[in-house]
Amino acid sequence: MAYPLPLVLCFALVVAQVWGSTTPPTGTSEPPDVQTVEPTEDDILQNEADNQENVLSQLLGDYDKVKAVSEGSDCQCKCVVRPLGRDACQRINQGASRKEDFYTVETITSGSSCKCACVAPPSAVNPCEGDFRLQKLREADSRDLKLSTIIDLLEGAFYGLDLLKLHSVTTKLVGRVDKLEEEVSKNLTKENEQIKEDVEEIRTELNKRGKENCSDNTLESMPDIRSALQRDAAAAYAHPEYEERFLQEETVSQQINSIELLRTQPLVPPAAMKPQRPLQRQVHLRGRLASKPTVIRGITYYKAKVSEEENDIEEQHDELFSGDSGVDLLIEDQLLRQEDLLTSATRRPATTRHTAAVTTDASIQAAASSSEPAQASASASSFVEPAPQASDRELLATPQTTTVFPEPTEVMPSTQVSPTTVAHTAVQPLPAMVPGDIFVEALPLVPLLPDTVGTDMPEEEGTAGQEATSAGPILSPEEEDDIRNVIGRCKDTLSTITGPTTQNTYGRNEGAWMKDPLAKDDRIYVTNYYYGNTLVEFRNLENFKQGRWSNSYKLPYSWIGTGHVVYNGAFYYNRAFTRNIIKYDLKQRYVAAWAMLHDVAYEEATPWRWQGHSDVDFAVDENGLWLIYPALDDEGFNQEVIVLSKLNAVDLSTQKETTWRTGLRRNFYGNCFVICGVLYAVDSYNQRNANISYAFDTHTNTQIVPRLLFENEYSYTTQIDYNPKDRLLYAWDNGHQVTYHVIFAY
């Protein structure tokens, strides 16, 4: 035992000497000639790489801070924490604590109706908490701790973390990464430009050298190359299969000569053939190709094409007017033009079909005869842009204009058409060029609106054009984003709700399933049970029936109830046990908006059983997003009433002008939904034969008792939501997903 002691002492002396030689004395300073130099980009990047842990600690340092939670409008809270010292916490962990080893958390409030609470994580009041829990986890195997103890330790480690703050920290980190990517991309672009310049210089240098050194040699070797190519071609085309392949690429005259030669060549074996004959023929053909290869092929090709067009003009004429060709492209073009003009969707593709016929016929007549140039040019211009008035008069003044239309006699007495109605200007000149029976057969498909026809007075044509353009809804850019332009308009009064149609059986007794009315696809979103934090997505109804989910979203905050909706790519729900409503962006996967309902009558102690409806219920109809929740009636005797409010889908704000206090009372109805601005409520959720016993119209501020039959097929309906895109009610009935068709009175 005495031998290792001198070694230890020697090692200590060596370490002390090395440390003393490497560390400068404390009283010395840097020499005056050493100046501070600005760091370069490499130094900055190296410092960033070395200080990664420091950056993370700076960003995550406020996790251990104490948080104050306040409730009330004029409430101000402040938390004062006196934590333990590190020596004190070590004494507590060792079991030798003193009287002065304690921490305090004080709450300072200001305001009349103020409630404050201080949330202090263990790491904020006890600096040794993290080391203590880490030591316990390391000793878990030796002490044989139970799983519950480990879970408690992990919960304590995550206690006090705020996911919104975590999102902000992640955003900061992403910002730093974006800056790094920008710098790297700039450097890469500079390097790529430099490399391109170097490559161009090398290419130009090589081209110069190649031209100087190899031009004479190339010219001298050209005859040798040509002779070698001719010999190779003669040897290759000596076989019959190669000769056929060569003849297919020759012109018509060469094919005729080759066919005559081929009739005699198969009778001779390949070994008996003389090499001089195909060699002479090959040289002769190569000479013809070198002289005019392109001219021969081009002339032959264009002559054949033009002759076919001249012979088939009548067939194309019939095909175009029969609607069998050239229609799809014009229909697509006409639909795009209708969207640009913002007209209503009352025109049919038949209008475009006749437009295509007129345009084609006008071009054919212009090519066939030059006696009517004004008519052809006017008809063609009426398809591309609004035609002049004089051209329209010339087109419509033909004798057949008033005799071909036997049915719509109230439309055709006018001989002048507004220049702004492009499609109708192209339709009406049609009888002057097409036989009457063809147009009369297709006439019922053409919708002719009375608003689009002008009068007999020339000075009123401008007014008629204005009326024609105003026949459809002229929408402003702000109104184009309205939901009614995507999913349609209201169908007026609700008349009947059909019986339920069971689509699937999935999940627990309570839950909700929904579709996004503004989405182009048919994705289905499911929340299983009335409490949780996982939203499941299915690609379509068939995948939902098969149980094949395509995506899942782990929400940062749990939801409660079944009154959620998916609207315009976001999930709207009520945060569990709070007055908060949340908008969660499904594409970006983050909380896009957050709001608090200050007047909601929220039950602090919510029982863990289904109440028959959700306290906070979202709804979607043709007008947008709605919110239904209980509140205290300030105008009455502080009784609870059900409030219906139009919700801003962007920031979750409400307006007093679009908020109504209904006659519903909590726990006196089953489920509710909104259709065309009217709130409907079902009287029971657990009776098979229920009724829609209440309706509140936001347009007239009136309430009625409609007494419409509503069937709860499985006698336990926990969700009813209206989808304005499908005109269906989506319901969750005792683990069954059912739909109801909505029938309107008008």
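Residue numbers in this text run from 1 along the chain shown.
Glycine too: its Cβ is placed from the backbone N, Cα and C atoms.
Range 454-479 is the one annotated as region 'Disordered', of 454-479, 480-505 (source: Swiss-Prot). Per Swiss-Prot, the stretch carrying the note coiled coil among 43-68, 95-120, 693-718, 719-744 is 43-68. For the ranges 298-345, 346-393, 394-441, 538-585, the feature annotated in Swiss-Prot as region 'Disordered' maps to 346-393. On the backbone, the CA of Cys676 (disulfide bond) and the CA of Asn691 (N-linked glycosylation site) stand 19 Å apart.
Asn691 (N-linked glycosylation site) falls within a strand segment according to DSSP.
Note on Asn691 (N-linked glycosylation site): other Cβ atoms within 10 Å of its Cβ, all shown chains, come to 18. Neighbour density for Cys490 (disulfide bond): within 10 A of its CB lie 17 other CB atoms from the protein chains shown.
In this view, the densest Cβ surroundings among the recorded positions Asn187, Cys676 belong to Cys676, judged by other Cβ atoms lying within 10 Å.
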